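As structure tokens, the structure follows; a few thoughts come after it.
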Amino acid sequence: IVTEVDWQSLKNGVAHHTQEYPCPELVVRRGHTFTLVLELSRPLEDQETIIFTVETGPQASEDRHTKAVFQISELEVGKTWAAVKEAETENTVTVSISSPPNAVIGRYLMSTRVSSRRKQNDRKLGEFVLLFNPWCPEDDVFLASEEERQEYVLNDSGIIFRGVEKHIRAQGWNYGQFEEDILNICLSILDRSPLYQDDPAIDVSCRHDPIYVTRAISAMVNSNNDRGVVQGQWQGKYGGGTSPLHWRGSVAILHKWFKGRFKPVKYGQCWVFAGGMCTVLRCLGIATRVVSNFNSAHDTDRNLSVDKYVDSFGRTLEDLTEDSMWNFHVWNESWFARQDLGPSYNGWQVLDATPQEEREGVFRCGPASVTAIREGDVHLAHDGPFVFAEVNADYVTWLWHEDESRERVYSDTKKIGRGISTKAVGSDSRVDITSFYKYPEGSRKERQVYRKAVRKLFSVEASGRRSRGPRAGGRGLWRGGPPGAATQAGCLWPVRVPGPWELRRQRARDHLKKKIPITIAYSQYKEDLTEDKKILLAAMCFVTKGEKLLVEKDITLEDVITIKCAQPGASGEGLGPV
């Protein structure tokens with residue numbers, strides 16, 4: 001009896017903030033009503049009504065909440081799938097459809113039939129896509145601020161911050177969640193997940209939960225363990241692919257993955273993973289932003305300390321040093337409620353798609369509540385100890401002696417987790433959100449939280465050894481060959497320069513105040529400098545009958561060119577310095 005359906009795409013799109021999606025099918029958000037106009041081959045009889053069926057995923061069932069059957073009524077009924085008749089003519093019925101605020105998200109098939117004594121088959125009306133709804137107060141992803149919803153859900157471009165703490169650079173990034181095919185690709189990412197491949201019916205039934213969906217996406221954006229989207233590369237060799245520094249957005253990456261039959265795209269580093277994940281989650285309707293952490297720790301042994309081992313020249317002993325500190329590392333935050341933890345931990349949740357450590361055999365990270373990190377509640381799901389260490393580990397350097405004993409030569413409780421940054425709402429300026437992650441460095445409260453985190457961590461039974469992934473993030477520190485060193489009064493200054501450098505020894509009575517100039521010729525490092533243009537300078541100081549001290553400094557080389565006119569009146573008159 002139903003011959004056609006008018007999906008009212010424009011009207012519904014505006015009401016659901018989905019009008020930017022270029023999809024042929026209707027895109028709506030859960031928990032809010034949308035309108036359909038049904039054309040009928042004949043008027044409905046007095047005792048007849050229209051019955052709707054909506055279903056998503058394989059083996060859809062009402063028990064798993066992946067299928068719902070409901071009929072037109074005169075009044076709305078609770079927070080379930082429902083249809084209310086808004087208007088009726090001889091040959092049309094206007095219906096308002098509502099979905100529960102915790103409905104499974106994804107692509108649905110809608111069918112109808114007329115209730116009558118005569119048995120009849122369902123008529124397939126077509127497909128529509130249901131997304132998370134940050135505008136719905138009953139949805140776990142609800143975000144109260146309209147300005148923030150515009151920024152974190154609907155803005156299709158943004159800024160990613162990179163560099164070093166004292167030289168933070170902004171890079172534009174095109175998220176492009178409303179570009180052609182991107183929504184379809186984002187839904188395909190969920191369907192390519194090993195969770196779906198293992199048991200598609202169960203996997204789809206879990207897609208009502210932003211905790212489940214975001215954790216699955218964090219695993220699928222990297223290519224480890226699965227045929228995920230991006231393959232990481234941190235060795236500076238990008239043959240057969242694209243340098244991570246050359247990507248300017250997510251769209252080209254997602255299209256390449258999809259059109260290449262799900263072959264991982266080469267290559268990415270942390271900001272590429274974070275940019276891609278931001279696109280996917282905004283596309284699915286979860287408020288998401290990109291966050292950069294400077295001096296970011298990678299704590300591999302779960303002791304909330306970055307332990308670095310050096311020789312007497314200050315050179316890092318790579319075989320002994322498993323932990324690391326990156327100049328910067330980039331991850332995501334998404335906004336949703338934590339039904340598993342309680343309302344105190346609602347809000348921003350850390351998610352990291354960069355493959356660093358395996359969790360339950362999968363390279364993924366989060367969601368970890370930012371509030372839990374700030375309060376030291378590292379025992380709570382998911383991956384709290386790792387994220388806490390990234391922003392608040394203690395940094396300790398040990399001098400390794402030939403007899404395999406060690407001596408602490410440097411300790412800093414304030415070094416890790418500096419200038420944690422994200423793009424401002426409504427502008428391209430940088431906002432420092434360090435205070436969301438920890439109390440002020442050096443404060444009594446910050447040290448109390450650190451000790452609490454250590455107690456929480458070591459009171460939980462060890463979960464066994466975990467495999468380590470590649471060193472991730474944006475360290476970019478140039479490591480040349482054997483360093484040379486200049487010394488004064490027992491101070492060794494190793495500079496990462498390839499080739500032999502003579503050891504110069506000088507003595508001065510007032511050596512603690514004396515400046516020691518060091519000249520490093522471009523010819524000495526040009527062959528080994530990475531694209532990040534960074535050099536690490538280390539100084540090992542030996543005090544007679546006293547402790548030893550190691551000091552390090554990151555140097556970022558500028559690449560600014562200044563052009564000046566030869567004289568006024570020449571070609572290009574009026575041009576000054578550029």
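Cβ coordinates come from backbone N, Cα and C, glycine included.
All TrEMBL annotations are machine predictions without curation.
Copied over from TrEMBL, here are the features:
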DOMAIN    262-355  domain 'Transglutaminase-like'
ACT_SITE  Cys270  active site
ACT_SITE  His329  active site
ACT_SITE  Asp352  active site
BINDING   Asn392, Asp394, Glu441, Glu446  Ca(2+) binding site
*asked:* Highest Cβ count within 10 Å among the recorded positions Asp352, Asp394, Glu441: which residue is it?
replied: Asp352
*If you draw a 10 Å sphere around the Cβ of Asn392 (Ca(2+) binding site), how many other Cβ atoms fall inside it, taking every protein chain shown into account?*
25
*Can you figure out which of Cys270, His329, Asp352 (the active-site residues) comes closest in space to Glu441 (Ca(2+) binding site), comparing Cα atoms?*
His329
*Inside 8 A of the center formed by the CB atoms of Asn392, Asp394, Glu441, Glu446, which other residues of the chain have their CB, for the recorded Ca(2+) site?*
Ala393, Thr413, Lys414, Ile416, Gly417, Lys438, Arg447, Tyr450
*With DSSP as the reference, give the number of residues of the domain 'Transglutaminase-like' (262-355) in helix, strand and coil.*
18 helix, 40 strand, 36 coil
*For the domain 'Transglutaminase-like' (262-355), would you mind checking the mean pLDDT of the predicted model?*
96
*List only the single closest residue to Asn392 (Ca(2+) binding site), chosen from the active-site residues Cys270, His329, Asp352 by CA-CA distance.*
His329
